[in-house]
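Just below is one structure, and these are the notes that go with it.
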Amino acid sequence: MEHNTDTVYNFSAGPAALPKAVMLQAQAEFVNWNHLGTSVMEISHRSQPFIQVAEHAERDLRDLLNIPDNYKVLFCQGGARAQFAAVPLNLLGDAETATYIDAGYWAMSAVKEAKKYCTVDVFDAKIEKEGKIAVLPASEWRIANNAAYVHFCPNETIDGIEINDLPVTDKPIVADMSSTILSREIDVSKYGVIYAGAQKNIGPAGICIAIVRDDLLDLASDLLPGVLNYKILAEQESMFNTPPTFAWYLSGLVFQWLKAQGGVKAIEEVNRAKAALLYGYIDSSDFYRNEIHPDNRSLMNVPFQLAKPELDDTFLELAEARGLVSLKGHRVVGGMRASIYNAMPLEGVQALVDFMKEFEAQYA
């Protein structure tokens, strides 16, 4: 659809908006990168120039997340869904059971894959609180005594649910942070494994980050393919096979951009301001509603419904004409969804709220 504005704000849940400065830099370097006369896509992943890209990206990510030295940072392929299989195959060791916390769609997607490799002890953490959807405090999660690890998804993009606490357990905690990594400060040392598909807050689709504590590298199943084996990837510095070099390069540019914004602490303040603005307007309105309790509302993904669902298509059409794109909710829940990852400026959320006010005034 043709837009009636030169400014477009992309609320896609993923692949998501990249920082404009990153895209402009990549555009400027695309044909002649680093004065080599070729694109970064065209050089060997084992060449010194690309090894410098890889090392710089890892160093910046370690700085941004304060990753301790006893963790490996792996740049993997296959996205988070590959990690749904990689996690049990890497971490079970001699165990046969793992606990998975169910708080939404992606947590259960991980469960379905893990069931191929182990007995999955599922704990349903979803509850109703004050008429809204919420999640039990992590202190109340039931974790099996014989579990090799406990897995959860801190941010559910479809449901718009965020979990902000961790259980106290001696089991390794594994977190699918695909949609929340780098959006807020975390203590990496409290986790055994963190993994995240790139296409939300890291870079373009095609690469996945895994942060793995060293003591968990020797538990892999003999059946585990080499491309998913954390120890092999660590030993080969994520170059066991040819990696997605352009996605790796772009992710490195995003890390540089984020450091220039002041790092994760600074971007978290912006993210909280964006979320407060949007949720605040939704809560003040009788025309829009959000079904998630404030204790567990996602900073990154804001689903909302109109009081008149028959107006959904009209809302989307008029929003797109205003340069507010990719607001259609996931098919599982319907309605609308505004994904407001790190690259979404506060001005974009303000533009959305202004449009929502105008739409309500006209159609309520």
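Numbers here mean position along the shown chain, with the first residue as 1.
Note that Cβ sites are derived from N, Cα and C of the backbone, with glycine treated the same way.
Under the heading L-glutamate binding site, Swiss-Prot lists Arg46, citing sequence analysis as support. The Cβ of Arg46 (L-glutamate binding site) has 9 neighbouring Cβ atoms from other residues within 10 Å, across all protein chains displayed. According to DSSP, Arg46 (L-glutamate binding site) sits in a coil region rather than a helix or strand.
Residues annotated as pyridoxal 5'-phosphate binding site in Swiss-Prot: Ala80, Arg81, Trp106, Thr157, Asp176, Gln199, Asn241, Thr242. For Gln199 (pyridoxal 5'-phosphate binding site), the same-chain residues 6+ apart in sequence whose C-beta sits under 8 angstroms from its C-beta are Gly14, Pro15, Ala16, Gly79, Ser178, Ala205, Gly206.
Residues or ranges marked as N6-(pyridoxal phosphate)lysine by Swiss-Prot on the basis of sequence analysis: Lys200. Sequence-distant contacts of Lys200 (N6-(pyridoxal phosphate)lysine), defined by Cβ-Cβ distance under 8 angstroms and a gap of at least six in the same chain, are Ala13, Gly14, Ala16, Thr157, Ser178, Ser179, Ile181, Met300, Ser339, Tyr341. DSSP gives Lys200 (N6-(pyridoxal phosphate)lysine) a coil state; it is part of no helix or strand.
Between the candidate binding-site residues, Thr157, Thr242, the densest Cβ environment within 10 Å is the one around Thr157. A separation of roughly 27 Å, to the nearest angstrom, links the Cα atoms of Arg81 (pyridoxal 5'-phosphate binding site) and Arg46 (L-glutamate binding site). Overall, the recorded pyridoxal 5'-phosphate-binding residues Ala80, Arg81, Trp106, Thr157, Asp176, Gln199, Asn241, Thr242 cover a maximum inter-Cα distance of 31 Å.
Taking a C-beta cut-off of under 8 Å and a sequence gap of six or more, Trp106 (pyridoxal 5'-phosphate binding site) has these contacts in its own chain: Ala80, Cys153, Glu156, Thr157, Ile158, Asp176, Ser178.
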